[in-house]
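Taken from Swiss-Prot as is:
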- L22, G23, V24, G25, T26, F27, G28, K29, V30, K45: ATP binding site (BINDING)
- 509-519: compositional bias 'Low complexity' (COMPBIAS)
- 16-268: domain 'Protein kinase' (DOMAIN)
- T172: phosphothreonine (MOD_RES)
- T258: phosphothreonine (MOD_RES)
- S377: phosphoserine (MOD_RES)
- S491: phosphoserine (MOD_RES)
Amino acid sequence: MAEKQKHDGRVKIGHYVLGDTLGVGTFGKVKIGEHQLTGHKVAVKILNRQKIRSLDVVGKIKREIQNLKLFRHPHIIKLYQVISTPTDFFMVMEYVSGGELFDYICKHGRVEEMEARRLFQQILSAVDYCHRHMVVHRDLKPENVLLDAQMNAKIADFGLSNMMSDGEFLRTSCGSPNYAAPEVISGRLYAGPEVDIWSCGVILYALLCGTLPFDDEHVPTLFKKIRGGVFYIPEYLNRSVATLLMHMLQVDPLKRATIKDIREHEWFKQDLPSYLFPEDPSYDANVIDDEAVKEVCEKFECTESEVMNSLYSGDPQDQLAVAYHLVIDNRRIMNQASEFYLASSPPTGSFMDDSAMHIPPGLKPHPERMPPLIADSPKARCPLDALNTTKPKSLAVKKAKWHLGIRSQSKPYDIMAEVYRAMKQLDFEWKVVNAYHLRVRRKNPVTGNYVKMSLQLYLVDNRSYLLDFKSIDDEVLEQRSGSSTPQRSCSAAGLHRPRSSLDSVTAESHSLSGSLSGSLTGSMLPSVPPRLGSHTMDFFEMCASLITTLAR
């Protein structure tokens, strides 16, 4: 049983530091959290034990936890870990930044037909996955469909789910009335899957029309409309999708569309990504990823056998097992997102040079090592283009010859794992800006002053990465801006083109596990006189100690 701790004034639970509140529910809050070692953001649902007992929802919570632990699907929110304290349960789940589909529709109105189809295809794929695992959601609605940064759908909140067995019928009436099927509000027996189909029909209608097919403030009148099954179809809806809606919103559950019927419908099949309904589903394959195991070993300074034992033990609370699944899921999320976006809008430039390469979020091409093939397009249509935020405005950019940093052909995850290991060994303190950008400081034992620098991993070319070191001097920033800069302000770590005002000095290349090589140069900002206290020398000593530790 874990205990809550304080970390820089914030609550720390296990390896996660809790931040802002994302939402408040019946049983507690949902806060954003950050894994101390990996920097991954998570959503932490905090459930108060006393409130759960007083509301008599112990069974509901247990079902939610049980169901989420079973699921590994690209469009279902994942549950990584459950941490227990004497007063609360902390459910560590996948974090998505786009908010609820409900809020998106309220803000933007109805969605374009192609976009509505894309989101609906993702939602139905997730529902099909649930049903194949004998689970019915029973409370599908736009509020329970979340959106990630790439506008992909993620189904959440399985608290009202029931495990579905052959020949077993569900009799419990639950969920939201606007989205509930007629047999649910009437208290009749129902098998399960058909009630999710009805709710999916209501969601599809909301996407296409921006309103609900059945709505009334007077609940008895609302129930009458749902039982009648009569709803308005706008003229702008094409005939094909209208027939699909009418089939899904059939009052008689025996005549209602099945997932098989929807998948075979001509409107649904248009531009359907193959990964959503694979011929041989492999979401839950029990294959151990050797590279992920090695990454966990590097982050936690443990042996491969320890990680394997944790995975084979079947203990979902084991820290090594949790870290392993975090690595796998984050890698898979990016790969899957790129696969179905590439199908409709191939990226330009160097992305095409190496189809197997995927740029993780937060990793930027180096501003002075941009391949000449990358050029600004009139309009970036592919979401992967958003990752490349430093495209040059002109191809005639002068390339810098020297940098202070380390160049490597290792994978970015491996490089950052080595950096974390070295910083921990050197007792550095750091703040994660994103997975590949850190602000680091070390206290000078003699003067008591803090020496600060920024570490940023850049993409140099298709196979090389540069870990760039940049000095951060609060007094220098104050001289340049005319105002003091807060210690933890991200503006101090903003991107600047490195220009050397000192004589560049190269050092012998160092080997890091046979893959990293280092070169030293000046990276100080020009036109600012050096201040007292030898900040420049402290900075170089800090760099040298980190490079030396990395080279071991």
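Here the Cβ of each residue, glycine as well, is placed from N, Cα and C on the backbone.
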T258 (phosphothreonine) and V24 (ATP binding site), distance between Cα atoms, whole Å: 35
Rounded to the nearest Å - Cα separation of V30 (ATP binding site) and T258 (phosphothreonine): 34
Between G28 (ATP binding site) and T258 (phosphothreonine): CA-CA distance (Å): 36
Neighbouring C-beta atoms (10 Å sphere around the C-beta of V24 (ATP binding site)): 10
Same-chain residues at least 6 apart in sequence whose Cβ lies under 8 Å from G28 (ATP binding site): K45, I46, L47, N48, K51, D88
Where T258 (phosphothreonine) sits in the secondary structure, as DSSP reduces it to three classes: coil
Neighbour tally for L22 (ATP binding site), based on other Cβ positions within 10 Å of its Cβ: 16
Reduced DSSP assignment, G28 (ATP binding site): coil
DSSP state at L22 (ATP binding site), helix/strand/coil: strand
